[in-house]
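A.B. asks: Quick one: the structure is below, and I'll ask about it shortly.
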Amino acid sequence: MAHPSQLGFQDAASPVMEELLHFHDHTLMIVFLISTLVLYIIMAMVSTKLTNKYILDSQEIEIVWTILPAVILIMIALPSLRILYLMDEINDPHLTIKAMGHQWYWSYEYTDYEDLGFDSYMIQTQDLTPGQFRLLETDHRMVVPMESPIRVLVSAEDVLHSWTVPALGVKMDAVPGRLNQTAFIISRPGVYYGQCSEICGANHSFMPIVVEAVPLEHFESWSSLMLEEA
């Protein structure tokens, strides 16, 4: 969950998000070292009183400034490719949920159940109870079991949307007429908030996403209750 004046990422709640945080730190350190080196060279060139007007070319310097950037790019590219493959890997999901974007709400359908689905609307500010978050709470949460592979099929009924939950490292575009998929495993119980991340009209800011991760036995109780109400 984000908090005021936060400068970093939200706490990771999935293995993929943990990998993304490590990759961010890795890349940021490389960028910091490059920036420091370039700044040092600039300062040295500006402040030095020594000059050599006879150096017209240097094979050694050209080799260094060709090989060094290539090595740096490889150090960035390899971890990035690994994470890209991890994000696309979907093996034997225990639960599949279809998320449909509408102007301006989400609807969820648990495809492993015969009749389990609902619409998820934002709770208006005047209807919030103490402790709830403005513009982030919904009347129905997407409840999933923790420590289980979850597949989410994402599409849209009208215009482009994007199903995004930062703490899970998930962002998948919802395109009308196209079915995209993503997957995640939530490491711990909790409530995780997201929002539509594709400008989709006047009320784009008012279609939040709330994912609640619970132990498997609690999820079974919840699903049984929802099926009875249906």
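Placed from the backbone N, Cα and C atoms, the Cβ positions cover glycine too.
Heads up, here are the entries from Swiss-Prot:
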BINDING   H161, C196, C200, M207  Cu cation A1 binding site
BINDING   C196, E198, C200, H204  Cu cation A2 binding site
TOPO_DOM  1-14  topological domain 'Mitochondrial intermembrane'
TOPO_DOM  46-59  topological domain 'Mitochondrial matrix'
TOPO_DOM  88-230  topological domain 'Mitochondrial intermembrane'
TRANSMEM  15-45  transmembrane segment
TRANSMEM  60-87  transmembrane segment
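Describe the structural context of each listed feature in the structure shown, including burial, neighbouring residues and relevant distances.
C.D. replies: DSSP assigns C196 (Cu cation A1 binding site) to coil in the three-state reduction, outside any helix or strand.
All protein chains shown were included, and the count of other CB atoms within 10 Å of the CB of E198 (Cu cation A2 binding site) stands at 17.
Residues of the same chain lying 6 or more positions beyond the ends of the topological domain 'Mitochondrial intermembrane' (1-14) and with a Cβ under 8 Å from any Cβ of it are 20-21, 24, 166-170, 184-188, 190-193, 213.
Non-local neighbours of the transmembrane segment (15-45) in the same chain are 9, 72, 75-76, 79-80, 82-83, 86-87, 166-170, 184-185, 187; each lies 6+ residues outside the stretch with a CB under 8 Å from one of its CB atoms.
When Cβ-Cβ distances below 8 Å are used as the criterion, the transmembrane segment (60-87) is approached by residues 15-16, 19-20, 22-23, 26-27, 30, 34, 169, 182 of the same chain, each at least six residues removed from its ends.
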A.B. asks: By the count of other Cβ atoms within 10 Å, pick out the sparsest of the binding-site residues H161, H204.
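C.D. replies: Each of the binding-site residues H161, H204 was scored; lowest Cβ tally within 10 Å is H204.
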A.B. asks: Return the residues near M207 (Cu cation A1 binding site), defined as same-chain residues 6+ apart in sequence whose C-beta is under 8 angstroms from its C-beta, sorted by sequence, else 'none'.
C.D. replies: G101, W104, Y105, W106, M122, H161, Q195, C196, C200
A.B. asks: Helix, strand or coil: which one is H204 (Cu cation A2 binding site) in, per DSSP?
C.D. replies: helix
